[in-house]
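Copied over from Swiss-Prot:
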- V71, G72, G73, G277, C278, V279, H280, G281, I282: NADP(+) binding site (BINDING)
- R91, R130: substrate binding site (BINDING)
- Y137: site 'Critical for catalysis' (SITE)
- K187: site 'Critical for catalysis' (SITE)
- D221, D246, D250: Mg(2+) binding site (BINDING)
Amino acid sequence: MVKTFDIVVFPGDYGGPEVLGEIQSQYEQEVTFNLKYHLLGGASFDAHGTPIADEALTDAKAASAVLLGAVGGPAWDKAPIPVESGLGRLRKALDAFGNLRPVKFIHPILTETSALKEQVCRGADLLIIRELTGGIYYGARQEHDGTLNAASDLDHYERAQVQRVARLAGTLAMSTQPPTPITSLDKANLLAACGRLWRGVVEETIRREFPDVELKHMLIDTAAMTLGCRPTKLNGIVLTSNMFGDIISDQASAIPGSLGLLPSASLCAIPGGESGGCVHGIYEPVHGSAPDIAGQGIINPTGMILSVAMMLRYSLDMPAAATAVETAVSRVIERGGRTRDVGGTTSTAEFGDQVVACLRENTEDK
(Lines of atoms letter the chains of each structure in order from A and count residues from 1; the text may use other names and numbers.)
(Lines give C-alpha, C1' and ligand atoms only; values in the text may rest on other atoms or scores of the structure.)
Protein backbone atom coordinates (compact mmCIF):
# COMPACT_ATOMS: atom_id res chain seq x y z
CA MET A 1 0.00 0.00 0.00
CA VAL A 2 1.35 3.40 -1.00
CA LYS A 3 1.59 5.95 1.82
CA THR A 4 0.68 9.54 1.01
CA PHE A 5 2.29 12.43 2.87
CA ASP A 6 1.01 16.00 2.60
CA ILE A 7 3.91 18.41 3.05
CA VAL A 8 3.46 22.16 3.26
CA VAL A 9 6.37 24.06 1.72
CA PHE A 10 7.15 27.69 2.47
CA PRO A 11 9.73 28.28 -0.27
CA GLY A 12 13.31 29.23 0.25
CA ASP A 13 16.11 27.72 -1.80
CA TYR A 14 14.73 24.77 -3.68
CA GLY A 15 17.21 22.01 -2.85
CA GLY A 16 14.71 20.49 -0.42
CA PRO A 17 11.72 19.94 -2.74
CA GLU A 18 14.08 18.73 -5.49
CA VAL A 19 15.51 16.05 -3.21
CA LEU A 20 12.00 15.08 -2.11
CA GLY A 21 11.12 14.49 -5.75
CA GLU A 22 14.05 12.13 -6.13
CA ILE A 23 13.15 10.29 -2.90
CA GLN A 24 9.62 9.83 -4.22
CA SER A 25 10.93 8.39 -7.50
CA GLN A 26 13.03 5.88 -5.56
CA TYR A 27 10.18 4.87 -3.25
CA GLU A 28 7.32 5.22 -5.75
CA GLN A 29 5.93 1.81 -4.77
CA GLU A 30 5.79 2.91 -1.14
CA VAL A 31 5.23 6.65 -0.86
CA THR A 32 3.73 9.72 -2.53
CA PHE A 33 4.53 13.30 -1.53
CA ASN A 34 1.86 15.95 -2.08
CA LEU A 35 3.60 19.32 -1.82
CA LYS A 36 1.43 22.34 -1.03
CA TYR A 37 3.12 25.71 -1.43
CA HIS A 38 2.29 28.74 0.71
CA LEU A 39 3.88 32.11 1.42
CA LEU A 40 5.45 33.12 4.73
CA GLY A 41 7.03 36.27 6.10
CA GLY A 42 7.60 39.20 3.78
CA ALA A 43 6.27 37.43 0.69
CA SER A 44 3.03 36.64 2.52
CA PHE A 45 2.77 40.20 3.83
CA ASP A 46 3.09 41.60 0.30
CA ALA A 47 0.48 39.20 -1.07
CA HIS A 48 -2.00 38.95 1.81
CA GLY A 49 -1.19 41.78 4.24
CA THR A 50 -0.19 39.30 6.94
CA PRO A 51 3.03 37.34 7.65
CA ILE A 52 1.08 34.08 7.37
CA ALA A 53 -2.41 33.52 5.98
CA ASP A 54 -5.08 31.51 7.81
CA GLU A 55 -5.25 29.06 4.90
CA ALA A 56 -1.53 28.39 5.23
CA LEU A 57 -1.90 27.72 8.96
CA THR A 58 -4.83 25.37 8.33
CA ASP A 59 -2.90 23.38 5.74
CA ALA A 60 0.22 23.30 7.93
CA LYS A 61 -1.72 21.86 10.86
CA ALA A 62 -3.25 19.17 8.65
CA ALA A 63 0.02 18.23 6.92
CA SER A 64 2.45 15.46 7.82
CA ALA A 65 5.28 18.00 8.03
CA VAL A 66 6.29 21.55 7.12
CA LEU A 67 9.38 22.41 5.06
CA LEU A 68 10.45 26.00 5.51
CA GLY A 69 12.83 28.35 3.73
CA ALA A 70 14.25 31.56 5.14
CA VAL A 71 12.04 34.42 6.39
CA GLY A 72 12.47 38.19 6.41
CA GLY A 73 14.89 40.73 5.01
CA PRO A 74 15.57 44.48 4.85
CA ALA A 75 12.74 45.09 2.37
CA TRP A 76 10.28 44.65 5.25
CA ASP A 77 12.19 46.41 8.04
CA LYS A 78 9.54 49.14 8.15
CA ALA A 79 6.51 46.89 7.76
CA PRO A 80 3.77 47.62 10.35
CA ILE A 81 3.97 43.99 11.47
CA PRO A 82 7.30 42.19 11.94
CA VAL A 83 7.25 39.70 9.07
CA GLU A 84 9.27 37.23 11.13
CA SER A 85 6.23 36.91 13.42
CA GLY A 86 4.73 34.56 10.84
CA LEU A 87 7.17 31.88 11.94
CA GLY A 88 6.18 32.44 15.57
CA ARG A 89 2.50 32.02 14.68
CA LEU A 90 3.30 28.85 12.77
CA ARG A 91 5.25 27.36 15.68
CA LYS A 92 2.47 28.28 18.13
CA ALA A 93 -0.29 26.86 15.91
CA LEU A 94 1.54 23.55 15.60
CA ASP A 95 2.72 23.56 19.25
CA ALA A 96 6.32 23.11 18.15
CA PHE A 97 8.15 22.90 21.47
CA GLY A 98 11.53 21.31 20.86
CA ASN A 99 14.08 22.60 18.35
CA LEU A 100 16.76 20.13 17.26
CA ARG A 101 19.94 21.46 15.72
CA PRO A 102 22.66 18.90 14.92
CA VAL A 103 26.15 20.38 14.86
CA LYS A 104 28.71 18.11 13.22
CA PHE A 105 30.75 17.69 10.07
CA ILE A 106 28.74 15.98 7.33
CA HIS A 107 32.17 15.10 5.90
CA PRO A 108 35.52 15.29 7.78
CA ILE A 109 37.08 17.38 4.99
CA LEU A 110 34.98 20.33 6.14
CA THR A 111 37.06 20.67 9.31
CA GLU A 112 39.32 22.91 7.23
CA THR A 113 36.49 25.45 6.84
CA SER A 114 35.73 25.64 10.56
CA ALA A 115 36.27 28.85 12.48
CA LEU A 116 38.14 26.69 15.00
CA LYS A 117 41.48 24.98 14.57
CA GLU A 118 41.16 21.56 12.98
CA GLN A 119 42.67 19.76 15.97
CA VAL A 120 40.12 21.49 18.23
CA CYS A 121 36.94 20.87 16.24
CA ARG A 122 37.66 17.44 14.75
CA GLY A 123 35.13 14.90 16.05
CA ALA A 124 32.59 17.46 17.27
CA ASP A 125 29.12 15.88 17.22
CA LEU A 126 26.38 17.68 19.14
CA LEU A 127 22.59 17.72 19.02
CA ILE A 128 21.37 20.96 20.59
CA ILE A 129 17.78 20.73 21.88
CA ARG A 130 16.23 24.13 22.58
CA GLU A 131 12.91 24.60 24.37
CA LEU A 132 10.69 26.86 22.22
CA THR A 133 7.53 27.73 24.15
CA GLY A 134 8.64 29.41 27.36
CA GLY A 135 11.29 31.62 28.90
CA ILE A 136 12.04 35.29 28.55
CA TYR A 137 10.80 35.51 24.95
CA TYR A 138 7.25 34.75 26.12
CA GLY A 139 7.21 36.38 29.55
CA ALA A 140 5.59 39.70 30.45
CA ARG A 141 7.32 42.63 28.76
CA GLN A 142 7.45 46.28 29.78
CA GLU A 143 8.86 48.61 27.12
CA HIS A 144 10.57 51.85 28.08
CA ASP A 145 8.36 54.94 28.10
CA GLY A 146 10.41 56.83 25.54
CA THR A 147 12.92 58.16 28.03
CA LEU A 148 15.14 55.05 27.88
CA ASN A 149 15.15 54.94 31.69
CA ALA A 150 13.80 51.45 32.34
CA ALA A 151 12.32 48.36 30.71
CA SER A 152 11.86 44.75 31.71
CA ASP A 153 11.34 41.23 30.38
CA LEU A 154 10.10 38.41 32.60
CA ASP A 155 11.81 35.04 32.37
CA HIS A 156 9.07 32.53 33.17
CA TYR A 157 8.99 28.75 32.93
CA GLU A 158 6.46 26.20 34.09
CA ARG A 159 7.27 22.70 35.21
CA ALA A 160 5.36 21.08 32.34
CA GLN A 161 7.32 23.02 29.71
CA VAL A 162 10.68 21.93 31.09
CA GLN A 163 9.52 18.38 31.69
CA ARG A 164 8.27 17.95 28.12
CA VAL A 165 11.52 19.01 26.48
CA ALA A 166 13.51 16.95 29.00
CA ARG A 167 11.46 13.91 27.97
CA LEU A 168 12.22 14.67 24.33
CA ALA A 169 15.93 14.75 25.14
CA GLY A 170 15.68 11.54 27.15
CA THR A 171 13.77 9.74 24.41
CA LEU A 172 16.30 10.71 21.75
CA ALA A 173 19.16 9.76 24.08
CA MET A 174 17.67 6.28 24.51
CA SER A 175 17.29 5.82 20.75
CA THR A 176 21.02 5.05 20.47
CA GLN A 177 23.09 2.23 21.90
CA PRO A 178 24.67 3.03 24.24
CA PRO A 179 22.40 5.92 25.25
CA THR A 180 23.65 9.35 24.22
CA PRO A 181 24.80 11.48 27.18
CA ILE A 182 22.90 14.70 27.95
CA THR A 183 24.44 17.99 29.07
CA SER A 184 21.81 20.40 30.40
CA LEU A 185 22.72 24.10 30.33
CA ASP A 186 21.32 26.63 32.80
CA LYS A 187 22.21 29.51 35.11
CA ALA A 188 21.32 27.82 38.38
CA ASN A 189 23.80 29.86 40.40
CA LEU A 190 21.84 33.09 39.78
CA LEU A 191 18.49 32.66 38.05
CA ALA A 192 15.21 31.08 39.13
CA ALA A 193 13.39 30.06 35.94
CA CYS A 194 16.09 29.06 33.44
CA GLY A 195 18.32 28.30 36.39
CA ARG A 196 17.16 26.45 39.50
CA LEU A 197 13.70 25.42 38.24
CA TRP A 198 15.19 24.23 34.96
CA ARG A 199 17.92 22.21 36.65
CA GLY A 200 15.58 20.67 39.21
CA VAL A 201 12.95 19.52 36.71
CA VAL A 202 15.54 18.19 34.22
CA GLU A 203 17.34 16.30 37.01
CA GLU A 204 14.12 14.78 38.33
CA THR A 205 12.76 13.82 34.89
CA ILE A 206 15.90 12.22 33.48
CA ARG A 207 16.87 10.39 36.69
CA ARG A 208 13.37 8.99 37.20
CA GLU A 209 12.28 8.22 33.62
CA PHE A 210 15.61 7.62 31.85
CA PRO A 211 17.93 6.17 34.51
CA ASP A 212 20.33 4.71 31.93
CA VAL A 213 21.10 8.13 30.45
CA GLU A 214 24.20 9.93 31.68
CA LEU A 215 23.21 13.47 32.72
CA LYS A 216 25.39 16.37 33.71
CA HIS A 217 24.60 20.03 34.33
CA MET A 218 26.70 22.95 33.14
CA LEU A 219 26.36 26.70 33.56
CA ILE A 220 25.67 28.46 30.28
CA ASP A 221 28.75 30.69 30.49
CA THR A 222 30.98 27.66 31.07
CA ALA A 223 29.32 25.96 28.11
CA ALA A 224 29.95 28.97 25.86
CA MET A 225 33.64 28.90 26.75
CA THR A 226 33.82 25.11 26.27
CA LEU A 227 32.13 25.34 22.89
CA GLY A 228 34.77 27.77 21.70
CA CYS A 229 37.85 25.90 22.88
CA ARG A 230 36.94 22.22 23.44
CA PRO A 231 33.61 21.53 21.70
CA THR A 232 34.00 17.75 21.80
CA LYS A 233 33.53 17.91 25.60
CA LEU A 234 29.89 18.70 24.80
CA ASN A 235 29.45 15.80 22.38
CA GLY A 236 26.03 14.22 22.74
CA ILE A 237 22.75 15.99 23.46
CA VAL A 238 22.91 19.57 24.71
CA LEU A 239 19.60 20.54 26.34
CA THR A 240 18.76 24.13 27.20
CA SER A 241 16.12 26.84 27.52
CA ASN A 242 14.75 29.13 24.85
CA MET A 243 17.07 32.13 25.08
CA PHE A 244 20.20 30.18 26.00
CA GLY A 245 19.50 27.76 23.16
CA ASP A 246 19.00 30.61 20.71
CA ILE A 247 22.42 32.00 21.56
CA ILE A 248 24.47 28.83 22.03
CA SER A 249 23.18 27.19 18.84
CA ASP A 250 24.25 30.18 16.76
CA GLN A 251 27.66 30.12 18.43
CA ALA A 252 27.89 26.41 17.61
CA SER A 253 27.41 27.17 13.91
CA ALA A 254 31.03 28.38 13.88
CA ILE A 255 32.13 24.76 14.32
CA PRO A 256 31.19 23.43 10.85
CA GLY A 257 32.18 26.77 9.33
CA SER A 258 28.97 28.01 7.70
CA LEU A 259 25.34 28.50 8.70
CA GLY A 260 24.47 27.14 5.27
CA LEU A 261 25.54 23.64 6.30
CA LEU A 262 23.16 23.29 9.23
CA PRO A 263 19.64 21.83 9.31
CA SER A 264 17.06 22.06 12.07
CA ALA A 265 13.79 20.49 13.17
CA SER A 266 11.13 21.86 15.50
CA LEU A 267 9.12 18.90 16.78
CA CYS A 268 5.51 19.05 17.96
CA ALA A 269 5.50 15.75 19.86
CA ILE A 270 7.90 13.18 21.27
CA PRO A 271 8.85 10.39 18.83
CA GLY A 272 7.57 7.01 19.88
CA GLY A 273 4.49 8.33 21.71
CA GLU A 274 0.89 7.97 20.57
CA SER A 275 1.96 8.88 17.04
CA GLY A 276 4.39 5.95 16.91
CA GLY A 277 7.53 6.75 14.96
CA CYS A 278 6.06 9.81 13.23
CA VAL A 279 5.66 13.27 14.74
CA HIS A 280 4.62 16.55 13.20
CA GLY A 281 7.47 19.00 12.73
CA ILE A 282 8.78 22.13 11.05
CA TYR A 283 12.03 21.64 9.13
CA GLU A 284 14.24 24.50 8.03
CA PRO A 285 17.87 25.40 7.34
CA VAL A 286 19.57 27.46 10.02
CA HIS A 287 20.74 30.19 7.64
CA GLY A 288 18.69 33.36 7.17
CA SER A 289 17.33 34.85 3.97
CA ALA A 290 20.80 36.17 3.01
CA PRO A 291 19.53 39.28 1.16
CA ASP A 292 23.08 40.24 0.16
CA ILE A 293 23.43 37.14 -2.05
CA ALA A 294 19.79 36.28 -2.79
CA GLY A 295 19.05 35.64 -6.45
CA GLN A 296 22.68 34.92 -7.37
CA GLY A 297 22.36 31.14 -7.21
CA ILE A 298 25.16 30.75 -4.68
CA ILE A 299 23.26 30.04 -1.44
CA ASN A 300 24.37 26.78 0.17
CA PRO A 301 21.43 24.33 -0.04
CA THR A 302 23.03 21.79 2.30
CA GLY A 303 21.04 22.98 5.33
CA MET A 304 17.77 22.62 3.44
CA ILE A 305 18.67 19.20 2.03
CA LEU A 306 19.71 17.90 5.46
CA SER A 307 16.49 19.35 6.89
CA VAL A 308 14.66 17.09 4.44
CA ALA A 309 16.65 14.18 5.86
CA MET A 310 15.50 15.13 9.37
CA MET A 311 11.91 15.31 8.12
CA LEU A 312 12.20 11.84 6.60
CA ARG A 313 13.53 10.51 9.91
CA TYR A 314 11.22 12.17 12.45
CA SER A 315 7.95 12.95 10.63
CA LEU A 316 7.73 10.38 7.84
CA ASP A 317 9.35 7.36 9.56
CA MET A 318 11.72 6.79 6.62
CA PRO A 319 15.11 6.41 8.37
CA ALA A 320 16.75 4.57 5.46
CA ALA A 321 15.81 7.38 3.07
CA ALA A 322 17.12 9.94 5.58
CA THR A 323 20.46 8.17 5.78
CA ALA A 324 20.61 7.96 1.97
CA VAL A 325 20.21 11.74 1.69
CA GLU A 326 22.91 12.38 4.29
CA THR A 327 25.26 9.94 2.55
CA ALA A 328 24.64 11.62 -0.80
CA VAL A 329 25.47 15.06 0.62
CA SER A 330 28.67 13.71 2.16
CA ARG A 331 29.67 12.08 -1.13
CA VAL A 332 29.10 15.30 -3.10
CA ILE A 333 31.34 17.22 -0.69
CA GLU A 334 33.98 14.49 -0.85
CA ARG A 335 34.00 14.84 -4.65
CA GLY A 336 34.60 18.58 -4.41
CA GLY A 337 31.08 19.97 -4.50
CA ARG A 338 31.21 23.11 -2.38
CA THR A 339 29.39 26.41 -2.53
CA ARG A 340 31.18 29.71 -2.11
CA ASP A 341 30.63 29.98 1.66
CA VAL A 342 32.83 26.90 2.20
CA GLY A 343 35.51 27.76 -0.32
CA GLY A 344 34.06 26.35 -3.53
CA THR A 345 32.44 27.51 -6.74
CA THR A 346 29.47 25.12 -6.99
CA SER A 347 26.14 26.91 -7.46
CA THR A 348 22.99 26.20 -5.45
CA ALA A 349 21.38 24.35 -8.37
CA GLU A 350 24.54 22.41 -9.23
CA PHE A 351 24.92 21.18 -5.66
CA GLY A 352 21.30 20.04 -5.54
CA ASP A 353 21.68 18.28 -8.89
CA GLN A 354 24.80 16.50 -7.67
CA VAL A 355 23.01 15.27 -4.54
CA VAL A 356 20.15 13.94 -6.67
CA ALA A 357 22.68 12.21 -8.96
CA CYS A 358 24.30 10.55 -5.94
CA LEU A 359 20.92 9.34 -4.71
CA ARG A 360 20.35 7.75 -8.10
CA GLU A 361 23.79 6.11 -7.98
CA ASN A 362 22.95 4.61 -4.61
CA THR A 363 19.74 3.17 -6.04
CA GLU A 364 21.54 1.67 -9.03
CA ASP A 365 24.19 0.13 -6.78
CA LYS A 366 21.58 -1.85 -4.84
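Using the three backbone atoms N, Cα and C, a Cβ is placed for every residue, glycine included.
A map of Swiss-Prot features onto the structure.
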{"residue": "R91", "record": "substrate binding site", "contacts (Cβ under 8 Å, 6+ apart)": "L132, S266, I282"}
{"residue": "R130", "record": "substrate binding site", "contacts (Cβ under 8 Å, 6+ apart)": "G98, N99, R101, T240, S241, N242, F244, G245, D246, S249"}
{"residue": "Y137", "record": "site 'Critical for catalysis'", "contacts (Cβ under 8 Å, 6+ apart)": "N242, M243, D246"}
{"residue": "K187", "record": "site 'Critical for catalysis'", "contacts (Cβ under 8 Å, 6+ apart)": "C194, G195, L219, I220, D221, F244"}
{"residue": "D250", "record": "Mg(2+) binding site", "contacts (Cβ under 8 Å, 6+ apart)": "none"}
{"residue": "C278", "record": "NADP(+) binding site", "contacts (Cβ under 8 Å, 6+ apart)": "S64, P271, Y314, S315, L316, D317"}
{"residue": "H280", "record": "NADP(+) binding site", "contacts (Cβ under 8 Å, 6+ apart)": "A63, S64, A65, V66, L94, L267, C268, A269, S315"}
Listed binding-site residues (D221, D246), ranked by Cβ neighbours within 10 Å, top entry: D246
Other CB atoms, at most 10 A from the CB of I282 (NADP(+) binding site): 26
Other same-chain residues whose Cβ falls within 8 Å of the Cβ centroid of D221, D246, D250, the recorded Mg(2+) site, in sequence order: I220, A224, M243, F244, G245, I247, I248, S249, Q251
G73 (NADP(+) binding site) CB neighbourhood, other CB atoms within 10 A: 18
For R130 (substrate binding site): DSSP state (helix, strand, coil): strand
CB contacts for V71 (NADP(+) binding site) [other CB atoms within 10 A, all chains]: 24
